[in-house]
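Beneath this line is the structure, given in structure tokens, with notes to follow.
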Amino acid sequence: MPAALKQFTDTYLMWNEGYLIWISDILIALTSIGIVATLTYFKKWKWLWKEWLTSVDHKRIGIMYLIAALLMMFRGGADAMLLRTQLASPNSHFLTAEHYDQIFTTHGTIMILFMAMPMIFAMFNIVVPLQIGARDVAFPYLNAISFWLFFFGAMLFNISFVFGGSPDAGWVSYPPLTELGFDKGPGENFYLLSLQISGIGSIATGINFLATILKMRAPGMKLMRMPLFTWSVVAASIVIIFAFPALTIALALLMLDRIVGTHFFTMLHGGDPMMFVNLFWIWGHPEVYIVVLPAFGVFSEVVATFARKRIFGYTSMVASLLLISVISYFVWAHHFFTMGAGADVNTFFAVASMMVAIPTGVKVFNWLFTMFRGRISFELPMLWTLAFVPNFIIGGATGVMLAVAPADYQYHNSYFLIAHFHQVLIAGPVFGLIAGMYFWWPKMFGFKLDEKIGRIAFWLFNIGFYVCFMPQYALGFKGMQRRMYTYPAGMGWHTLNLISTIGAYIMGLGFLFIVVQIVYSIKYGERDLTGDPWNGRTLEWSLPSPAPHYNFAVIPTVTDRDMLWVMKQEGREGELRRINPDAIADIHMPKNSGRPFLMGLAFFVAGFGFVFNWYVLAVIGLVGVALTMILRAFEWDDEYHILAEEVREVEAALGRL
Amino acid sequence: MHKQSVKKWGALVTAVLAAALLSGCGPQYLVFHPVGPVGKQELNLIITSVILIAIVIVPTLAIFFFIIFRYRNTPGNKAKYSPEWSESKVLEVVWWSIPIIIVGILSVFTAKTTFALTRPPEQNVNPMTIEVTSLDWKWLFQYPGQGVATVNYCEIPTGVPVQFVLTSDAPMNSFWVPQLGGQEYTMPGMAMGLWLQADKPGQYYGHGANFTGRGFAHDDFTVIAASNSDFNKWVSQTKSSAPALTMADYNKLKKPSTMGTASYSSFPKGLFDNVIWSEGGRYMPGTMNMAGMASGNSTAMSNSTAKSGIANEASQSSSSNK
């Protein structure tokens, strides 16, 4: 039945839409074949399942988050390249309006939710238990569920481009544009369901890490002895726990509007789209602090380590982290100063938004004075941290400009805004997490990433950044709005857009150099045999790289904030690095489980069913979800012990006895 | 870094900044060239905020570059090294208080302008009202005082404060004419007010500023400011030569499409109110009181709008009237 087949390929595979879809199809097919063939050829299927897909080890989960985040950065970056190519010249028809709309929507959504979020979760997972002297997180099984919900949410979102069509109403997804009246397609459903699925995982991660940090610190590690990265995770987790439920509700209600036909966000039956806008930003603004706070934590660790000096003003640093997380709840309306709120409301939110600059400014000064009278060496993690400072100062300055409500009437939705949030989100989370990646890479994999290629990547990405985004501030003053798929020739926007596009390509090149660097370093990177390649200050550097499965053979007792550093100063670091064999006892560990993976898969199936209103499929998925939960409820035997003898053998092999 | 290369880079940076500043004076930087009091107030506030922020960030950037240069880890660096020095109450008080003071000052300016912009920019001139409906992807302007209507352009007299009353019969959009002043959203089922005024005759670029789908890139319009007499001439000309806007025409306009400009000698009575009403205004508390909305009397209109007409601004408007 060729007619039915054609209908299928046109409706779902969108083969009538041209080469962009075909190329994507081919790339996806080739990648999938490549992965399957490689795994089969090297007989790695069992290894993949036993060591990774079923793992509940925080270090493995962290690495999987990191890989996923880098892949998503590639996808979101490819989107950005397409957008910038389209905008390089006026009246361009490289992309159609429909494709452009889909691509800016997926670019924004992926970068925030499927790149920045897994990147911070990668850091949470890899660093926190090692830094606080724990053997895993509080709920390892839940941690695996979080990861697989994120993963399958991301897959569901990504598949939309080649199956059914991507969402095309912007990452903010305001109704009524996203209601059935204006948007019948499945794209918006993909957005709602994939964010919903991964969002559940994010809430669980917030709870998990808050519990881990509050309950599982090594003896002697009082709250005010915690490393600042751990503190930043506390702050971010609190924000996650309070902010994400608002998103969950907003998405759920909009989904009901679209699937069941309720009217929460249409005016037509007494609903109100403003309610969505409020709910979205009550989550959305804290969300940007969720991704930037851990980056601040990374910078604090890196600055102290590479300036060889104690962090300056620790108490202020902690206070400002917590203050930022509190203020983050009182600024959401600055995303819509122009939606008719009263002058009193606008003034309140304007002043609250400016107040964010106070604790943030304090952090910057404290970083500066950590370096003051220090000894700064410019290795890769420090290079990205130093690049962050001036970049974030400028981004913060334009942020305060935007907070001035009446001035915002002129900036709102213009390229000035686009330049601002890219500047703070790239200088903050992206630079921070790249710095963190370089910093803790040896701890994850046992080798350093190549310095030389890394420097090329650094300069390309940084110069590219300024070339790309500085012109966009100017474009805002020239009156160019965001989300226009093309623009006329007479407005004087052409040159600046062209420069911006060139900058974006340079950044893209920088990213490719990071990829090259990783590939190169796997083979040729300097091996880290000491476990302490940077002359570190905190507990994780007292462990071998990579850390053994159980992390600490004996949990250390903490007496100082910069535990390892102080021990080194006193010549006592051996107490952390040499284990007394008699002190080793059996270690209690969680068992691996395939269920979190299957549960994620079941969520994926259910989500996919709801996207197309294929309820049989949706029900099958939901039954799968219920089944994995029930099976878990009746699982009694989910823990085991690593025997002391075994631990002694491992430690002896590492030369630590 | 060698001194010479520092100089070279310095010169380059200065040149780039100078070029940026000079080009900032170009007429295509619309926000820097306001032609009315609203845009001018906003520009003043932009400049004030930049100066206040610069007081903090310029020294901070200078300190940053000084520190990373002075305390770099090179053999023979004679700068002081005190690895355990990590507290200073005095310094901390300094950098907690500087941003607090700056934010405090900026807050005062912000509050003043925010409240000022809710009032007509000119108190001694009778204001006029234009009702704006954003459609997919075009702008309908109705003149309740003059009885005419236009699409994708609107003519206003110079020196007269204009209250744009905004709604949408399509997804949310935002009404932005950079040279006249900042924007306000258009939303279905609601009426929102935006005061603007042009002091110089000319044609000013306007565009929908909130994404509305496929045709969004072509959702522009022109505001034509003309002297009072030219404006009146245009009104009478439109009245005598342009066709009437019928309900059928409106329904056609409502369909998603892009188009050029159009003029109409009249429009169906109560069209603007009815659109708000049927798009959900009937569920909004306060909408019932929009008595003056379509009265055709522009002075009465603006007063009643300021009092209670602007649906979700009710609380704010009453406070600013006190």
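Backbone N, Cα and C atoms are what each Cβ position is placed from, and that goes for glycine too.
Residues annotated as domain 'Cytochrome oxidase subunit I profile' in TrEMBL: A:43-559. Feature annotation from TrEMBL assigns transmembrane segment to A:20-42, A:63-83, A:140-163, A:190-216, A:228-256, A:276-299, A:311-332, A:347-369, A:381-405, A:417-441, A:495-520, A:597-630 (among others).
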Residues of the parent chain within Cβ reach of the transmembrane segment (A:597-630), under 8 Å, 6 or more residues beyond its termini: 53-54, 144-145, 148-149, 151-153, 155-156, 160, 164, 186, 189-190, 193-194, 196-197, 255, 259
Long-range Cβ neighbours of the transmembrane segment (A:381-405) (under 8 Å; 6 or more residues past either end): 295, 298-299, 302-303, 305-306, 334, 337, 346-347, 349-350, 353-354, 356-357, 360-361, 364, 367-368, 411, 416-417, 419-420, 423-424, 426-428, 431-432, 434-436, 438-439, 455, 458, 462, 465, 473, 534
Long-range environment of the transmembrane segment (A:417-441) - Cβ separation under 8 angstroms, sequence gap at least 6: 66, 69, 111-112, 116, 119-120, 122-123, 126-127, 288, 291-292, 294-296, 298-299, 301-302, 305, 379-382, 384-385, 387-388, 391-392, 394-396, 398-399, 401-402, 411, 447-449, 454, 465, 468-470, 472-473, 475-476, 482, 514, 534, 540
Any contact, the transmembrane segment (A:228-256) to the transmembrane segment (A:311-332), with at least 3 Cβ pairs under 8 A: yes
Same-chain residues near the transmembrane segment (A:63-83), Cβ under 8 Å, at least 6 residues beyond its ends: 52, 94-95, 100, 103-104, 106-107, 110-111, 114-116, 118-119, 121-122, 125-126, 147, 150-151, 154, 158, 433, 437, 444, 504-505, 507-508, 511, 515
Folded-back contacts onto the transmembrane segment (A:190-216), same chain, C-beta under 8 angstroms, at least six residues removed: 105, 109, 113-114, 117, 121, 124, 128-129, 132, 134, 137-139, 142-143, 145-150, 152-154, 156-157, 159-160, 164, 166-167, 169, 173, 226, 230, 233-234, 236-241, 244-245, 247-248, 251-252, 254-255, 258, 603-604, 607, 610-611
Whole-number mean of pLDDT values that fall within the domain 'Cytochrome oxidase subunit I profile' (A:43-559): 96
